[in-house]
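Novice: First, the structure itself, so that you have it in front of you.
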């Protein structure tokens, strides 16, 4: 009897504590997930900054990939977003007539498999919601990488970097290779290492266009060296002519004077006349 009494008392105390905790949670103001200011990223960042981010250790098992590859504030933002998605799917009323993605296109992709004969009306709706969540999460992960690099434009390298941080995106390796995730960092390191005169193999590949331009530049000036060589040969001939034909060169002035003498002789009789 005493044991039963102690058990009943312990259960009563536990129930009272649970009731008090529930009343405290109801009395606490619920956070507002407002997507009007910055979309899902802005709403999740605002709630995580206010301390409403869920504990990351709660996401285990099936949900282990929610914050995979993220640390600090970025991890809190993603966990806050996923907590909102879970609450939205479990508790909110859904209007199945409003869709973010075209159901006809999704249904067409589903029918691309020849084994799929019939598709129910609910299947494209589920796929549309799944694609919406997937695009939003990947965009948030890529935007985190863009902000880390002090940029306000989402680039393909940001998406590649986001894919490389989680194993659940390995199926996209053929679309966005992981090498592109570090291409931006490699280009910046090559630009910094170029003045030092010690470029790596990638730096040498990056310098191919200037070298090609340097090769083409002398091709435009191949003709002048040939002409200069010809002129140089002519000058050597001119220098050789005085040595080889010294006699004729000296006889030319005398020949000119000789031609003038007959002319004066021809007019001399006329002058005397």
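Keep in mind that glycine also has a Cβ here, set from the backbone N, Cα and C atoms.
All TrEMBL annotations are machine predictions without curation.
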Novice: In TrEMBL, which of 133-181, 182-230 is tagged region 'Disordered'?
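Specialist: Matching range for region 'Disordered': 182-230.
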Novice: Going by DSSP assignments with H, G and I as helix and E and B as strand, what are the residue counts for the domain 'Core Histone H2A/H2B/H3' (92-163)?
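Specialist: For the domain 'Core Histone H2A/H2B/H3' (92-163), the helix, strand and coil counts are 43 helix, 0 strand, 29 coil.
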